[in-house]
Ligand code: HEM
Ligand SMILES: CC(C)=CCC/C(C)=C/CC/C(C)=C/COP(=O)(O)OP(=O)(O)O
């Protein structure tokens, strides 16, 4: 009798090892989650001018991080069969068979419960409810819409724009014009960001049956136009969080407008020459734009 057979009979998902931890981290889509948390820190910095309580900062980041981890793991649970059809996602823990679907579901339910409770008890109800709204829109509306209509991006962008507002309200900010400006910048930013990805991954998306803009309109003209529109609308939206007339706000307005014009130029280049090179450039520009905008906003716009 071979002991090897016994070893092989143990599901890989029950083996405890560092790679198990890596799989749980992967379930949370760490890069998107980290940038979301950075936006929350920027929102909180603007509201408090760094006169913040370390406990509230910790509770906000942990609570929002757990909600984002939950949203992402439940998205992976719901999309495990479709993820198996895309080269970009086939090696994720669920489609690759390294984790049982039930484990991801339990992780997703546990993290949303703990994250929401932490935000209610350690921060405030407004922030907790904004987090729950973001979670609900992503898991229960955006995820099922992905296979139905390209309007899914509109809903995903609402979800992705809420964490910066959560940071703002966690720091005591009201749901005012500044909050609206922060929301709109994040919302609009996602159009150029995602239209570049939608172009680069269009074959994958088509293979899995996702109705992204580049799948239903494969020339990419519509995706390009949406990227330019999102970028152009950022010009007025980026000015909203700093409607003041003093010198530092003017510096912010000039710098933010320059960044935004460069971003719009990258979107326009993609619209004109729709190829992988221009899409990659636009994606890179989007990932530079957001941190640059947040730094300028925190230094001069508050
Ligand atoms: C409609 C909304 C969004 C969609 C559909 C979307 C989709 C995606 C996809 C599919 C990727 C992977 C690209 C690849 O593997 O090459 C990606 C990358 C990324 N996204 Fe988004 N995203 C959205 C919004 C956001 C938001 C709100 C943030 C954070 C504030 C964000 C941050 C990132 C980052 C940091 C990366 C780079 C990850 C890496 O280097 O692999 N995204 N996005
Ligand atoms: C606090 C809280 C709840 C934050 C939620 C943050 C969050 C998950 C934002 C969504 C951003 C988004 C639409 C990503 C794309 O997912 P996708 O499903 O298109 O990506 P994929 O194809 O890589 O799975």
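Each residue, glycine too, has its Cβ placed from N, Cα and C.
Keep in mind that TrEMBL annotations are predicted by a computer and have not been checked by a curator.
In TrEMBL this protein carries:
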TRANSMEM  32-50  transmembrane segment
TRANSMEM  56-78  transmembrane segment
TRANSMEM  99-121  transmembrane segment
TRANSMEM  127-145  transmembrane segment
TRANSMEM  152-171  transmembrane segment
TRANSMEM  177-200  transmembrane segment
TRANSMEM  221-243  transmembrane segment
TRANSMEM  249-272  transmembrane segment
TRANSMEM  281-300  transmembrane segment
Q. How about the transmembrane segment (32-50) and the transmembrane segment (99-121): do they have 3 or more C-beta pairs under 8 A, pairs 6 or more apart in sequence?
A. no
Honestly, do the transmembrane segment (127-145) and the transmembrane segment (56-78) touch, with at least three Cβ pairs under 8 Å and pairs 6 or more apart in sequence?
yes
For the transmembrane segment (177-200), out of 56-78, 152-171, 221-243, 281-300, most C-beta pairs under 8 A are with 221-243
Inset, instruction - Answer yes if the transmembrane segment (152-171) and the transmembrane segment (281-300) have at least three CB pairs under 8 Å among residue pairs 6 or more apart in sequence, and no otherwise. - result: no
Tertiary contacts of the transmembrane segment (99-121), defined by C-beta under 8 angstroms and 6+ residue spacing from its ends, are 11, 13, 23-24, 27, 59-60, 62-67, 69-71, 73-74, 76-77, 80, 93, 127-128, 131-132, 135
